[in-house]
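**Student:** OK, Swiss-Prot features for this one:
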- Leu121, Gly125, His126, Leu127: (6S)-5,6,7,8-tetrahydrofolate binding site (BINDING)
- His228: site 'Plays an important role in substrate specificity' (SITE)
- Lys229: N6-(pyridoxal phosphate)lysine (MOD_RES)
Amino acid sequence: MNIYYKNFKKYDTKIYNIIKKEIIRQEEHIELIASENYASKYVMQMQGSLLTNKYAEGYPKNRYYRGCKYIDEIEDLAIKRAKKLFNVDYVNVQPHSGSQANFAVYSALLNPGDLVLGMKLNHGGHLTHGSKANFSGKMYKFISYGVNGEGKLDYNKLLNLANYYRPKMIVGGFSSYSGFINWKKMRFISDKVGAYLFADISHVAGLIVAGIYPNAIPYAHVVTTTTHKTLSGPRGGLILAKEGDDEFYKKLDSAVFPGTQGGPLMHIIAAKAVAFKEAMTLKFKKYQHQLVKNSKSMVEIFLKRKFHVVSGGTKNHLFILNLSNIGLKGDLASEILEKANITVNKNSIPNDKLNPKITSGIRIGTPAITKRGFKEIESKKVAEWICDILENINDKKLINNIKIKVINLCYKYPVYKSFK
């Protein structure tokens, strides 16, 4: 607990004890939620810095408050590093989250009620890609596209939808799709109907900068991403663009501030700058390659054990297990796995007949386990344990024995050594 002030335990024992329990949970659980990762100590130090004190509405050299000389330097550095990392002309580092970044893009380029194509939520899309429960589906008219019977993105169907509806924007990206996206085809379809191509690369940004996932940036008019997930930075958002004009970039900036946000979170922007520096290293690229290897090695075990993997495999850091063929629901599966200290999330499958609170599947991702040092051997072992549990959900002794094995494995690969 040495990242906390020595006297904090005395000052607020309740919060201290809760955080201590969460540290133990993170250390003793195998984290397989695809959107979660472990930030470095350097990133966390920035998030806990005195930069949280400074209000800085506006942009560098154009603030509404005084005292921003060094704040400007930090934001400029974050922008400079992001431009280099992603090879882009435009960056906005201020969005508080991926959803905020997406909202800003919609606000900049659309009017309420405009027609947009987005990936269907239970086919792998995200809430902000047109879900009726989300602002995107309430403010704009979304038509959903999805995957074919093999679980692959159906570009022919997308083209037909685009030709029929003539949308103002097509959104590409996902939260639970295990394949590649052909951005060139996406741009072709967008150009065919005169639509903006907006790419949300939140899940695969780390893979893209490492050169192992198709890059959306040369094809999309605008790109957003989160800065955690595979990028392994602080929780936050980012807007990127290349080869646009000043007017286009001003629209995006204005949509963030003053359009959808007030003051930026400078402690988070500093943490983003640190994460961008980390992402430029050879170590980071090796990490990205390993997390895909780990994902594929887990799929290999599930297929060997006759489990149904949506789309038949994975080309990135995640995949979906369809549990309907074994009569198991996603919410129950995730609950039982948690008893063995294995954390996954319930997830809808394409054309799921169950509602999103129950689901027919679970999503599995490898960013966190890879960050703590797991390689193919450990990943396969974890996959075997998951299979054993899902095939024997009422065997409490087996589940407890696997829990002990999980804890022992976790302590061989600590997340943060100094927290023990």
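Just so you know, glycine gets a Cβ as well, placed from its N, Cα and C.
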**Student:** Long-range same-chain neighbours of Gly125 ((6S)-5,6,7,8-tetrahydrofolate binding site), Cβ under 8 Å, sequence gap at least 6?
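**Tutor:** Gly125 ((6S)-5,6,7,8-tetrahydrofolate binding site) has long-range Cβ partners Gly118, Met119, Ser131, Ser144, Gly146, Gly173, Phe174, Ser175, Tyr177.
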**Student:** With a radius of 8 angstroms around the mean position of the C-beta atoms of Leu121, Gly125, His126, Leu127, what other residues of the same chain does the (6S)-5,6,7,8-tetrahydrofolate site pick up?
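**Tutor:** Other same-chain residues with Cβ inside the cutoff are Gly118, Met119, Lys120, Thr128, His129, Gly130, Ser131, Asn134, Phe174, Ser175.
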**Student:** Using the structure shown, find which entry in Leu121, Leu127 (the binding-site residues) has the sparsest Cβ neighbourhood within 10 Å.
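**Tutor:** So among Leu121, Leu127, the binding-site residues given, the one with the fewest Cβ atoms within 10 Å is Leu127.
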**Student:** Taking just the CA atoms, what is the gap between Leu121 ((6S)-5,6,7,8-tetrahydrofolate binding site) and His228 (site 'Plays an important role in substrate specificity') in Å?
**Tutor:** 21
**Student:** Name the residue among the recorded positions His126, His228, Lys229 whose Cβ has the smallest number of other Cβ atoms within 10 Å.
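**Tutor:** Comparing Cβ neighbours within 10 Å for the recorded positions His126, His228, Lys229, His126 has the fewest.
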**Student:** What does the structure give for the C-alpha distance between Leu127 ((6S)-5,6,7,8-tetrahydrofolate binding site) and Lys229 (N6-(pyridoxal phosphate)lysine)? Integer Å is fine.
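**Tutor:** Here the two Cα atoms lie 16 Å apart.
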**Student:** Measuring Cα to Cα, how many Å separate His126 ((6S)-5,6,7,8-tetrahydrofolate binding site) from Lys229 (N6-(pyridoxal phosphate)lysine)?
**Tutor:** 14
